[in-house]
Amino acid sequence: MAVLPWPPLAPEGGNRQSPLLLAPVERDPAPHTSHGSNPQLPLVPGGWRDHLEAAGHVCILKDASDLESSSEIAKLIEAESLEAALALHLYRGGRLLQGHGIPFGIIFGGTDLNEDVNHGEKKKVMGKVLEEARFAVAFTESMKEMAQTQWPHARGKIYVQSQGIVTGPNSAFNWNTFLHQSGINQSADNLHIFLLVCGLRQVKDPLYLVDAFSEWHREEPNVYMVIVGPEVDPVFTREVGARVKSAAGVRLIREMPQGDLHAALKNCFAVVNSSVSEGMSAAILEEFGCRSPSPQNAVSSGDGASTEVVTRR
């Protein structure tokens, strides 16, 4: 079996927290000479789960944030007879898997490498995780080099695989209804809707463009920014809500079903990313996928798809 901390299929481009995909092995595991994954398999939750299940594994998806300690992981491993693991996020996911005696791999490349590495204790923990990990996966060569600079002992066990997503816009989604529920009572034909898709936490900085969009809206009333995302930091969420409430032309929408979110991405004028620190925004990749011709697409960060995206500089 395998334990896979992975973001749930939720509004922040599938990147809200660090869930666990648990898979009891029902056949011989991959040879130790393998780095434990199909090199052509896109890094998407459904892709990994389908791949593992097709190989004879049983997969269970859980949110790592619901498992607060290593002892809870130990109980879970025993209860489910787990034998192997794959974790997303060196710190949030990886630290829970240390010391349990099961082989595991790590996928990294976001706040772990860009933010947590600047905190002494977290950096130490992540280094220990990499020591124990059977293999590690980075999304880009530059991320691999950054990790090897921070933890030289990890050289030789880090592999590069492009991040990917799967999109499936809900065909029954009604854009006009979405606008009305967002408090935007204008004809959709004349609107320019900018979507900012993110979990509500400081590093995503959704308030960065609020004043600018409010001013723009006052000059051009058909311009709106809609922030879509789950509550991650409750205190910060209240701050965002209060600020948006008094900001003309800015709306806040909490969690949406993934299919509805993908349909909204397909209908909006542009996607906005205001993150202070970003590895690779899944929301942007989802925008790529939703704008491409096929309604069901797997898109990697190297595909070169064209879309309307505004990112913070």
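Numbering starts at 1 and runs along the chain as displayed.
Cβ atoms here come from the backbone N, Cα and C positions, even for glycine.
The following features are taken from TrEMBL:
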COMPBIAS  293-304  compositional bias 'Polar residues'
DOMAIN    185-291  domain 'Glycosyl transferase family 1'
REGION    293-313  region 'Disordered'
Item to complete: Take the domain 'Glycosyl transferase family 1' (185-291) and count its residues per DSSP category (helix H/G/I, strand E/B, coil), listing them in that order.
Response: 48 helix, 22 strand, 37 coil
Discussion item. Please compute the mean pLDDT of the model over the domain 'Glycosyl transferase family 1' (185-291).
Written reply: 87
